[in-house]
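What Swiss-Prot records for Asp149, Asp350 is active site, and it gives sequence analysis as the kind of evidence. Sequence annotations record features per position, and here Swiss-Prot assigns disulfide bond to Cys159-Cys162, Cys165-Cys239, Cys186-Cys204, Cys191-Cys199, Cys278-Cys470, Cys389-Cys431. If you look up Swiss-Prot, you'll see 131-466 marked as domain 'Peptidase A1'. Look at Swiss-Prot and you will find 1-19 tagged as signal peptide, backed by sequence analysis.
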Amino acid sequence: MLLPLFFFFLHLHLHLSSSSSISFPDFQIIDVLQPPLTVTATLPDFNNTHFSDESSSKYTLRLLHRDRFPSVTYRNHHHRLHARMRRDTDRVSAILRRISGKVIPSSDSRYEVNDFGSDIVSGMDQGSGEYFVRIGVGSPPRDQYMVIDSGSDMVWVQCQPCKLCYKQSDPVFDPAKSGSYTGVSCGSSVCDRIENSGCHSGGCRYEVMYGDGSYTKGTLALETLTFAKTVVRNVAMGCGHRNRGMFIGAAGLLGIGGGSMSFVGQLSGQTGGAFGYCLVSRGTDSTGSLVFGREALPVGASWVPLVRNPRAPSFYYVGLKGLGVGGVRIPLPDGVFDLTETGDGGVVMDTGTAVTRLPTAAYVAFRDGFKSQTANLPRASGVSIFDTCYDLSGFVSVRVPTVSFYFTEGPVLTLPARNFLMPVDDSGTYCFAFAASPTGLSIIGNIQQEGIQVSFDGANGFVGFGPNVC
């Protein structure tokens, strides 16, 4: 499929305090007539592209965008966009339900509630997985595609015997053929990490309910995961025998949320809770990366304190204080991004949400600030969730104002142009890639994170941006 690709001259600009002498570009240039890029829907050779450094405690995996799967086909760019925005709307709704505690119950009554532990609820919604990794499960390792989810505290794969399974790209994992599979017993310390854990024939059972009512249910186990030559033993993993509502060929999910049962939490002894990622830009044939270990924390990054929400400990909240357009800070209502004592509002960084959502008052002011500085550009009708679009079909290049996030304690992140003005069809229509949130919660989505080195220092409670682009 042919997708428009535009070029930007100025990539990423960060400084450590608002009083820094470092100046910011007020405008960037978009080359509207950059030749379209053909995206080949084939899978890369992960035998060569997921790797680790055996001389360190650094584990690295390649990230693959869902559009690279051969099973994903779209008639055109317009169809691709609308499918992505439908997933995105579902994802946002699921996160809001998760934080509010309103999760749609499973309709499958063949597993009794008292057979399982309490729900480990993920922010991931049906069909919203955007990025995948390739991981070897068991001994010998069977390679599986797994969705990464920064809002989930669970690692799981579909398992035989499969009472109810969705279609996946690889054969369903069979624990009977793994020499390292060990079931977790009731009353064990691992099972106790799931509140009110349930038992079945002496084994620990789990149930993960997602925001739309999809789920995975099965047995909790300890298993070996392999990344190329790196072997990680005794990972607490769900072996799902009943799974409904998953998507696009993934075998399961690699949760990298803030809880102790996530992959990040389980590796904290070796990695200090440190990890980072570079999300591949949409519409390219390249792969991103997911790195675990202290070496994922680069020198020269700009660090922002993480904010903990006891009501939603899986999610990574950050302190956001303001927004800028063209070097001008936009006036916003006081406290519009604050996390309240009751756990409402705040700003979440999420890998599964595509488009950044802002509270309505902040979004309107931000959007209007951008519109006022792009009044010379011809407008187009809104597309999907976007209400601010431009007809750039008659242009060779366009000068646009920069967009910036002002974080707590001073750091400023100025986005590359492709992260805030995106093509939505094959006819030169570009849209301002932000949307209003239905509540006071803000979500920084993966479109705004693309191509930026993002690092999490869980031990010290910081998230870093840069210094590199990727």
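Using the three backbone atoms N, Cα and C, a Cβ is placed for every residue, glycine included.
The two recorded residues, Cys191 (disulfide bond) and Cys204 (disulfide bond), show a Cα separation of 6 Å. One residue stands out among the disulfide-bonded residues Cys162, Cys199, Cys431 for having the most other Cβ atoms within 10 Å of its Cβ: Cys431. Cys159 (disulfide bond) has its Cα within 10 Å of the Cα of these recorded positions: Cys239, taken from Cys239, Cys278, Asp350. Checking each of the recorded positions (Cys165, Cys199, Cys239, Cys278, Asp350) against Asp149 (active site), the C-alpha distance stays within 10 Å for Asp350.
Here the CA atom of Cys470 (disulfide bond) lies 27 Å from the CA atom of Cys389 (disulfide bond). Closest in space to Cys278 (disulfide bond), of the disulfide-bonded residues given as Cys162, Cys204, Cys239, is Cys239, taking the CA atom of each residue.
Comparing local CB density within 10 A for the disulfide-bonded residues Cys159, Cys186, Cys278, the maximum falls on Cys159. Cβ neighbour count within 10 Å across all protein chains ranks Cys239 highest among the disulfide-bonded residues Cys165, Cys191, Cys239. When secondary structure is read from DSSP and collapsed to three states, Cys191 (disulfide bond) falls in the helix class.
If you compare Cα positions, Cys199 (disulfide bond) sits closest to Cys186 out of the recorded positions Cys186, Cys239, Asp350. The shortest Cα-Cα distance from Cys470 (disulfide bond) to any of the recorded positions (Cys186, Cys239, Asp350) is found for Asp350.
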